[in-house]
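Novice: Pulled these features from TrEMBL for this protein:
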SIGNAL    1-18  signal peptide
DISULFID  170-213  disulfide bond
BINDING   202, 251  cyanocob(III)alamin binding site
């Protein structure tokens, strides 16, 4: 996702890559923002948290329409996750399964993570109460991904969504077990983010954001924080090397 790459520039890339774009690029961004706003007001489309997050990251805003779209998102997500989950993820697994509504499809880690990231980008921030159960749900799904990675060698939903999950939990200051973080760190160290025949810049960008957040929010110990800093530096070097003359970082995502 290109918008997350923009965030990565602000967090970990050298300053010269963050210079203001030319007029042509700015016009393209404005056109994209208008297109996103068109998606947001289309009642035939289900609300998409990535669209809302993109709107919040843009320079130009239509606050009324953004508020309306947020209300649709909140209705969709709060209705789906209407059960309040208490305690740690493992003891409540039976409750989680029992609380699933018959018509709701099993959501992906990344989709819920994007929604929670979008909530953090809202001004003013929504009431924190309803978010707490959603954060717990996300932690549960991330643990499921981690368990799947032990069995299959990779997260059930892929490293991109796994990285989004770690990032969203960090942004909401929810601690994640070191084993869950190290699964992502080991994947970065061994170059496991890559797609067949393509670039891994999108996944590396989100992973680097997650590493940077965990370190800055001091949600990990000093030893792990040092490893995360080193991983971010490695990712930064690869991102610089992957950036083409057109400004893309390895791929269009």
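Any Cβ shown, glycine's included, is placed from N, Cα and C.
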Novice: As a test of the contact definition, list every same-chain residue at least 6 positions from residue 213 (disulfide bond) whose Cβ is closer than 8 Å to its Cβ.
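Specialist: Those within reach of residue 213 (disulfide bond), by Cβ under 8 Å and sequence separation of 6 or more, are 167, 170, 171, 219.
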Novice: Count the Cβ atoms, other than its own, that fall within 10 Å of the Cβ of residue 202 (cyanocob(III)alamin binding site), considering every protein chain shown.
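Specialist: Here the count is 23.
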Novice: Mind giving me a neighbour count for residue 170 (disulfide bond)? Other Cβ atoms within 10 Å of its Cβ, every protein chain shown.
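Specialist: Total other Cβ atoms inside 10 Å, all chains included: 23.
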